[in-house]
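Here is the structure we will look at, set down as structure tokens.
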Amino acid sequence: MSFLIPNPRLILPARRLALPSSRSTSPRQLLHGAATASATLSSPPSNTVASGVPSSEILSIRDSLLSRRRTASEIAGEYLDRLHKVEPQIRSFLHVSESAMKEAEEVDRMVAAGRELPPLAGVLVGVKDNICTVDMPSTGGSKILKGYRPAFDATAVRRLRVAGAIVVGKTNLDEFGMGSSTEGSGFQVTANPWDLSRVPGGSSGGSAAAVSARQCVVSLGSDTGGSVRQPASFCGVVGMKPTYSRVSRFGLMAYASSLDVIGCFGSSIADVAILLNVISGHDRLDSTCSKRDVPDFANELVSLNNLDSEPLKGLRVGLIRETIGEGVDAGVVSAVQAAASHLEHLGCVLNEISLPSFSLGLPAYYILASSEASSNLSRYDGVRYGNQVGNGELSSIYGHSRANGFGDEVKMRILMGTYALSAGYYDAYYKRAQQVRTLIQKCFRDAMNDNDILISPAAPSAAYKIGEKTNNPLAMYAGDIMTVNVNLAGLPALVVPCGFVDGGPAGLPVGLQIIAAAFCEDKLLRVGHIFEQTLQNCRFVPPLYGAT
């Protein structure tokens, strides 16, 4: 497997671009938290330059190793010290690798011997615990798989290791990916690094929180209906959901097979682009995996010093009207509208568009996802997979093992899916939901004929309090309304932090969701990179970082 190392001169920002101010619509929403967050930090963290523009931590590590300014052991030691220091507060990880330092020492031996370094050498990566790893437990956040150790690595994990990455641990999640806050985990609830009383989002909340708190450099998550994008917004990090089939699903514990994708988290667009490059590409072990060539995402990113005053001139941007109306917090709407104004100042042609089928996505998604889950989770019966409870009749073993192993949310979704697939209701629910899915795909195709990208909030609110929605599942489900349509259409989407709303000790981050046509991740990353570099007066570094 070959890798192209991006030229650092192309993607490391060198200077600020003089742009007209785009904060006139709502300066308070985007400036809030900048001063307070920076006041808690004695010096800028390594992933930001002094101006606050995110740069590539992956390339910074590589440069440090090649120049021999720092060793992989020193870098790994710093991250592990920070991980262990904040883990009692954040609870991002379900398992931490015992071999991380040994792997870092092996990188140091490669440097000392003058051997060529792979692209992720010395980079600590967190992996969501529903993605299989041969050397660590993989529980899917469920007690039914407590202690389970797969005999293989997921393809995405294997490619990380080939690229030299150090898998630092397995991150927390809602059980089997069914949830939006990590409160559905069978083991613990993860806290948001921006405010420890709030959720980090879900289901990939552990992966997002770990990157936000700088417990690892980048991380992998999975996205079935927004499980990468919503936590990226809540935690103030970059989150990428690739096109369905761009990344192999082999080794990803199946929730809804026609919707599941493995996605990426990072503190910058450049890091996400490099990570996506490594894990993308055809895999014979996944029959749904695309054979399309993978572009060099990172090498196409352009630095500020190579941009003119309108670097996105002529790009057609559609702001989805249904995502900024009733039910969306005013602060989120203001932040997204300010981000849209900023895109206009970068040269984009902004239009407000309507997706008539948008409101149909949420009920269709929950019918289809629950139906597929009821089938996929049938394997966890205490015999084929899962911890066995009881030793009587086979049906009794099945019943007791599943009753004791599954949490309430998983049981509810299995029941919902089984009901929707039953003979008397299949046409009324499952078949109709599939028809709605086709309609949603058509609406997106029509919208993409007239626009290059679409934008929306990544979630209708910023991070909410832990326990706030646990007794109201419908309110929890409604939080996915911004993201599920993208999964139903199989499109790629990127979330980039765009501002703040009031809340917590230093404000709460808000993410902008950018959507493109299938297999146009390169376009998303280019636009997101320019947006990220030119966004002024925002530093998405949680106050918790200052305490470490």
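Just so it is clear, glycine is given a Cβ too, placed from its N, Cα and C backbone atoms.
No curator has checked TrEMBL annotations; they are predicted automatically.
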Listed range which TrEMBL flags as region 'Disordered', given the options 22-53, 182-213: 22-53
Local Cβ density at S203 (active site, charge relay system) - other Cβ atoms counted within 10 Å: 33
Pairwise CA distance, S227 (active site, acyl-ester intermediate) versus S203 (active site, charge relay system), rounded so that it is a whole Å: 5
In the chain carrying K128 (active site, charge relay system), residues 6 or more apart in sequence that have Cβ under 8 angstroms from it: K170, T171, L173, S204, G206, S207, S219, L220, G221, S222
Neighbouring C-beta atoms (10 Å sphere around the C-beta of S227 (active site, acyl-ester intermediate)): 35
